[in-house]
Structure formats: structure tokens, C-alpha cells
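K.L.:
One structure follows; several queries about it will come next.
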Amino acid sequence: MGSATLCTGVDVHFSIPHPSHTTKYPNLFSKSTKFSSNTFTIRCNSSSRSPPKPKPKPKPTSSDSEQTNHQNPSLSEQLKPLSKTILTRDHSGQTHLVSKPKSTWINPTKPKPSVLSLQRHKRHNYSYNPQIRDLKLFAKKINESESSDESEFLAVLEQIPHPPTRDNALLLLNSLKPWPKTYLFFNWIKTQNLFPMETIFYNVTMKSLRFGRQFQLIEELANEMISTGVELDNITYSTIITCAKRCNLFDKAVKWFERMYKTGLMPDEVTYSAILDVYAKLGKVEEVLSLYERGRASGWKPDPIAFAVLGKMFGEAGDYDGIRYVLQEMKSLGVQPNLVVYNTLLEAMGKAGKPGLARSLFEEMVGSGVIPDAKTLTALVKIYGKARWARDALELWERMRSNGWPMDFILYNTLLSMCADLGLEEEAEKLFEDMKKSEHCRPDSWSYTAMLNIYGSGGNVDRAMQLFDEMSELGVQINVMGCTCLSQCLGRARRIDDLVKVFEVSLERGVKPDDRLCGCLLSVVSFCEGAEDANKVLACLQQANPKLVAFVNLLEEKISFEALKEEFRGILTDTAVEARRPFCNCLIDICRNRSLHERAHELLYLGTLYGLYPGLHNRTADEWCLDVRSLSVGAAHTALEEWMGTLSKIVQREEALPEAFSANTGTGTHKFSQGLASAFASHVKKLAAPFTQSEEKAGCFVATREDLVSWVQSRILSPAAVV
């Protein structure tokens with residue numbers, strides 16, 4: 001037999017401070033500190049394909065526990081052999097399903113091992129009670145009483161119309177709705193000592209507590225049952241596990257599920273499906289698949305809920321093979337997906353990045369007669385928007401209207417957001433008017449924000465201001481995102497007075513400026529032509545971030561580089577991570593607008609030092625590339641000047657150079673995105689740099705080594721110099 005190769009990755013992590021952190025630039029700021037890790041791969045050859053036999057475990061000292069463990073092994077012990085034979089783990093630590101797991105071989109001479117009961121636990125039959133009417137009315141009186149104070153509750157119980165016999169007490173307990181009253185009544189019954197407390201009393205109380213998500217009380221009752229010798233049946237365990245799941249106490253759910261096996265009690269299908277969901281939420285894919293396969297081997301036919309759990313689990317991992325496995329399993333078992341399963345699988349397709357397959361699944365759903373709900377359509381619109389399938393999304397909207405499919409706020413706002421992302425102004429206006437005519441889904445704050453975003457991106461200032469005034473008339477609250485979109489639009493149109501008005505009104509209505517709004521105002525300052533307009537915007541920014549305004553004023557002062565670095569580090573430390581690079585871009589633009597070119601180069605250097613521009617310079621043996629896609633226009637100009645100056649020095653030192661050079665500005669996919677290509681091309685022409693636009697790739701400028709050397713030599717001979 002050929003040897004089987006076992007490849008496993010062993011991650012040995014050790015921290016190595018970046019050189020810049022230990023020498024020239026110690027202790028920058030904690031959030032930007034980087035560490036590296038090395039991964040060693042060990043390859044082993046095994047002469048057998050079969051897994052090695054596990055070593056026998058030491059026997060417990062107690063004979064009773066030994067017998068119990070032998071007859072009823074724990075779940076982990078039952079699943080361990082299976083997980084070794086049908087499950088594998090890839091190098092990244094995530095389990096991906098490449099094909100349907102192989103079924104476990106079962107000896108035909110022995111009965112199949114079972115891990116669940118295929119019959120639901122029988123519920124107790126209630127005998128006819130002639131006093132039911134009086135007791136029901138009394139329970140209604142208790143439910144409608146506002147107070148749940150114990151003393152007042154006990155006073156009400158004194159008015160009970162009939163003696164609290166076992167059946168009467170059980171009927172009342174089952175009729176109480178608020179969990180505090182159910183719990184008080186249960187404790188009162190125990191204090192009466194009229195009859196022994198049976199399992200059913202605990203189960204009814206636990207179910208009421210589950211509605212209130214009172215897991216701690218449920219666990220106390222379960223421990224009380226154990227200590228007093230009251231039997232915990234399947235319903236008890238199911239209630240405990242499902243309540244733990246609802247409260248996101250997944251470890252507790254697993255603990256009680258394991259205990260269930262140790263007592264020799266088999267879970268029913270409801271409990272089994274619930275624990276599948278628990279393991280899935282914990283990200284334990286192997287355990288989920290092991291449970292699923294063991295249940296199937298026991299003759300279990302999973303219901304749609306179980307398949308929805310599997311689909312959601314694979315969707316969270318973006319594992320399309322796993323999603324396909326779920327569909328294959330349902331088809332082989334003849335299980336028809338319901339609406340919940342379809343919704344789960346559609347969301348999973350979106351996370352897996354499969355818009356085409358999501359569309360096919362949706363058509364299959366409609367073809368099978370399942371009517372989509374708002375959640376279905378929202379998931380599909382998000383998928384189409386992410387994939388930039390504008391035509392498909394709009395066709396879906398038309399089908400919604402013609403078929404009368406349900407639409408809610410979330411769906412409408414999702415459609416509007418998609419239109420904003422894709423720049424579909426006319427389509428968004430039709431949708432917005434459709435919302436205004438709707439009786440149940442009139443535009444809310446987020447609907448208006450999406451429209452402000454659309455008009456702002458398109459430069460439709462007048463319509464944006466009309467919308468803002470309309471919000472004031474209708475009393476629609478403006479949020480910080482709407483204020484940001486409108487401010488950006490007004491700033492680009494040089495309508496600074498209107499911008500100040502919008503900002504002041506927004507503050508009066510409770511808007512709290514965030515880093516994105518501050519970045520927007522900083523951006524407006526960067527292209528203000530006169531000092532008067534710039535000061536008006538800075539006055540607004542002063543109310544939101546006075547420290548940032550102080551730094552802007554500092555740019556024109558004669559301070560040392562070290563002092564500038566310290567102040568800039570303080571700004572970045574107080575700024576959200578996602579806003580740090582936009583802040584730096586805007587500050588560089590302000591410097592260039594004020595002819596502070598040296599200061600702009602210092603800020604670009606600091607931005608690179610603090611990790612704001614990763615990938616700005618990329619080098620291979622054959623090509624050096626400048627990637628300015630994450631930079632503003634002014635920052636891109638500064639980066640080009642810096643790069644050309646560095647290349648000039650390298651040529652003069654006669655160091656080795658690659659064959660090719662390139663600068664990548666990218667191409668905006670948004671309808672209204674202006675991109676960097678044209679502005680970058682103008683600056684290349686101004687510097688007379690030897691770069692030309694690539695005919696093969698848009699937004700890419702290329703040059704050869706010969707062109708660069710020739711350009712440097714010509715610059716040396718001429719009086720001109722790189723800026």
C-alpha cells in the first residue's frame with residue numbers, strides 16, 4: 001500500500017517588534033503597533049490510511065460510575081471516533097465541506113447505535129375538571145393584575161375559588177402568563193405541602209421562565225429537581241437547553257445536553273435540532289456534522305429547521321460546498337424547503353459571494369409555490385447590490401410591485417441604499433415616491449438619508465436642500481449620516497453659508513458629530529478658495545473637534561518636525577481607525593491648497609510611518625509600483641513627487657533598477673466617483689515625468705527603466721528640479 005501523506009500546520013507565534021519601533025521611532029501609538037508571526041509546517045508520512053487506535057482510558061475507581069460510563073458514554077466519547085474518520089480540518093483552522101461525509105460503517109450483526117429518540121416525549125393527559133371555568137376566570141384575574149409584589153400576590157391567592165388540589169394547581173399554573181407570577185405561584189404551591197411536586201410542575205414553570213429568558217432561575221429549579229430526586233424528563237432538558245440557547249449561554253446548553261446522555265436519556269428531535277444550532281453558533285462545524293451523521297444513522301429524518309441550522313452555519317463561514325451539501329441532503333431525503341430554509345440559504349449564498357446561485361435558488365423557491373416575504377427580498381436585494389447587479393435588482397422591484405409581494409421599511413431602505421451605491425437617481429426617486437404613497441411604509445430618517453446621499457453624490461444641490469426643508473416640515477429627524485452627505489454636497493458646490501445653516505440646525509436637532517462628519521468638514525476646508533469660507537467651515541469644525549482645528553492652524557506655524565509628529569500622533573490616537581487615513585489625506589490637501597508643500601511631504605511621511613498607507617510602494621524583481629488608490633488628489637500628487645525624487649537619487653547613485661515602473665490610480669466604479677486618473681495625469685504632465693497611460697489597464701501609468709534614466713539625466717542637465 002502506498003503511504004498516506006499527512007500535512008499539518010503548526011503555528012508557533014512569537015512577537016518580534018518592528019525595527020522602527022525599537023530604534024528610530026519608539027512607542028508610536030499602541031493601536032498601530034505591528035507584530036509578525038512565523039508558521040512552521042510539519043509533513044509526516046504514515047504507512048497506513050487507518051487512524052491509529054486510541055489508547056485505553058484509565059477506569060474510574062467507583063464501580064457504579066464505571067458501569068454507568070460503560071453503558072452510557074458521554075457525547076464527546078461517542079462522537080470522537082466518528083470525527084476522526086469523516087472530518088478533516090484545513091490549515092486555516094476552518095472546516096470546509098468538500099463532499100458529503102461518508103456514512104459510518106455499522107456491523108449488521110449488532111443494533112445501530114442511537115443518539116436520539118425518534119418519538120416525542122408523551123405529554124400528560126389532563127383529566128376533565130368541572131371547576132375549570134372558575135379557575136380560568138381566577139387565573140385571568142391574576143394575569144390582569146398589574147402588581148407582581150409577593151405580598152400582594154399572596155393576598156390575591158387567598159381568594160382562590162376552590163382548594164388547590166393537584167389538578168387545580170396544575171391548571172392554574174398552566175394558565176398564568178407573566179413569568180414572575182408563574183414563579184411565585186409555583187413557590188407558593190411548594191410551601192403548602194398538599195401533594196408531592198412532580199416533574200410536570202417543574203416543566204410548566206420552566207417553560208414560563210423560558211419566555212422571560214430567566215435561565216438562572218431555570219437552572220436553579222433543575223438543580224433542585226436533582227437534589228430532591230425529582231425526575232428530569234426529555235421536556236425538562238429540552239426546555240433548559242432551548243432557554244440557554246435563547247440567552248446565548250451556549251456553553252450551558254452543551255453542559256446540560258452532555259448530562260442528558262450521562263443519565264441514559266435520549267434527546268428527542270426538537271432537543272437534537274436545538275443542540276445542532278448551539279454547536280453551529282459556537283462555530284463547531286465538526287461537532288455539528290458529527291451530530292447530524294449520527295442522527296441520520298439512527299434513522300432520524302431532519303426537519304426543515306435542522307437544515308436551516310446547517311445552511312446558516314455554512315453561510316457564516318462562506319462555505320459554498322457546505323451549502324450545496326445541505327441542498328443535496330434535502331433533495332435526497334425528499335424534504336421540501338420552507339420559507340425559513342430558503343431565507344437562510346439565500347443569506348448564506350450572499351455571504352458566500354454567489355449572486356448567480358442565489359438568483360437560481362430564488363427562482364426555484366417561487367417555482368415551488370413558496371411566496372417570498374420581506375426578509376427574502378431584502379436578502380436578495382443586498383446580494384444584487386453587493387454584486388452591483390443593478391438591472392436584476394430593479395427587475396426584482398418591478399416583480400414585487402406587480403405580484404403584490406410584501407415590502408417593509410427594511411426592504412424599502414435596502415433598495416434605496418442600493419440605488420445610492422449604484423448612483424441610480426431616477427430609480428431611487430420612483431421608489432421614494434412609492435414609499436410616500438404607501439400606508440404602512442412611509443419614508444423614515446434612513447429613507448431620507450439615502451436620498452440625501454444620492455443627491456449629494458450627484459451634485460444635485462437644490463434637490464438636496466428641498467429634501468432637507470421637507471424633513472423639517474414633516475418632523476423627520478436628520479441623523480449624522482444625512483448631515484454628512486448634505487454638507488459634502490454643499491461644500492463641493494461652494495455654498496458655504498447653506499452648509500453652516502445645515503450644520504447648526506442639525507446640532508439643534510440633536511445630531512452629535514462623529515469622525516466621519518469631522519472628516520467631511522475637513523475635506524471642505526481643503527478646497528475652500530478663500531480664507532473667509534475656510535474660517536466659516538473651521539468654526540463649525542471647532543464645535544465638533546477643537547483639537548483638530550488647533551492642528552490645522554498649527555500647520556502654518558514654524559515648528560519642528562518632532563513637535564509636528566507628536567501633535568499628529570495625538571490627533572490619530574483620538575480618531576477612529578477608519579477615519580485616520582481620510583484625516584491625513586485632507587490635511588495634506590489643505591497644505592497643498594495653502595502652498596505648504598514641505599509640510600505636505602512631512603504629513604505623507606508620518607502617515608506612512610503610522611501605517612495609514614499600507615501598500616503605497618510595492619517592489620518585485622521586475623517592477624516597482626506606486627499605488628495611490630487610497631489617497632486623495634493632493635496626497636497622490638505629493639506621493640508622486642516623493643517617489644520621483646527617490647527614483648532620481650537611485651539613478652544618480654547608479655543602483656540596480658527593475659525593467660518596469662507603474663503608478664496605479666484605480667478607476668471608480670461608482671457612477672459619480674471622479675477618481676484620480678485625470679488629476680494624476682495632469683500632474684505627471686506638469687512634472688514631465690516619463691509615465692504614459694496604459695492602453696491595457698485603465699487607471700495605470702507605466703514607464704520603462706530606459707525612460708526613467710533618460711528623464712533623470714535630462715533633469716540633471718536642465719535647471720528644473722523635481723518639486
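Don't overthink the numbers, they just go from 1 along the chain as shown.
Quick reminder: no glycine exception, Cβ is built from N, Cα and C everywhere.
Sharing the features that TrEMBL gives for it:
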COMPBIAS  41-50  compositional bias 'Low complexity'
COMPBIAS  64-77  compositional bias 'Polar residues'
COMPBIAS  94-107  compositional bias 'Polar residues'
DOMAIN    626-709  domain 'Smr'
REGION    41-118  region 'Disordered'
REPEAT    233-267  repeat 'PPR'
REPEAT    268-302  repeat 'PPR'
REPEAT    303-337  repeat 'PPR'
REPEAT    338-372  repeat 'PPR'
REPEAT    373-407  repeat 'PPR'
REPEAT    408-442  repeat 'PPR'
REPEAT    444-478  repeat 'PPR'
REPEAT    479-513  repeat 'PPR'
K.L.:
State the residues, same chain only, that lie 6 or more residues beyond the ends of the repeat 'PPR' (408-442) and have a CB under 8 A from a CB inside it; answer 'none' if no residue qualifies.
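P.N.:
Those are 374, 377-378, 381-382, 384-385, 388, 390, 393-394, 397, 401, 450-451, 453-455, 457-458, 460, 670-672, in sequence order.
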K.L.:
With DSSP helix as H/G/I and strand as E/B, how many residues of the domain 'Smr' (626-709) fall in helix, strand and coil?
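P.N.:
Helix (H, G, I), strand (E, B), coil: 36 helix, 14 strand, 34 coil.
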K.L.:
Count up the helix, strand and coil residues in the repeat 'PPR' (479-513) according to DSSP, in that order.
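P.N.:
Output for the repeat 'PPR' (479-513) reads 26 helix, 0 strand, 9 coil.
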K.L.:
List the helix, strand and coil residue totals of the repeat 'PPR' (408-442) as derived from DSSP.
P.N.:
27 helix, 0 strand, 8 coil
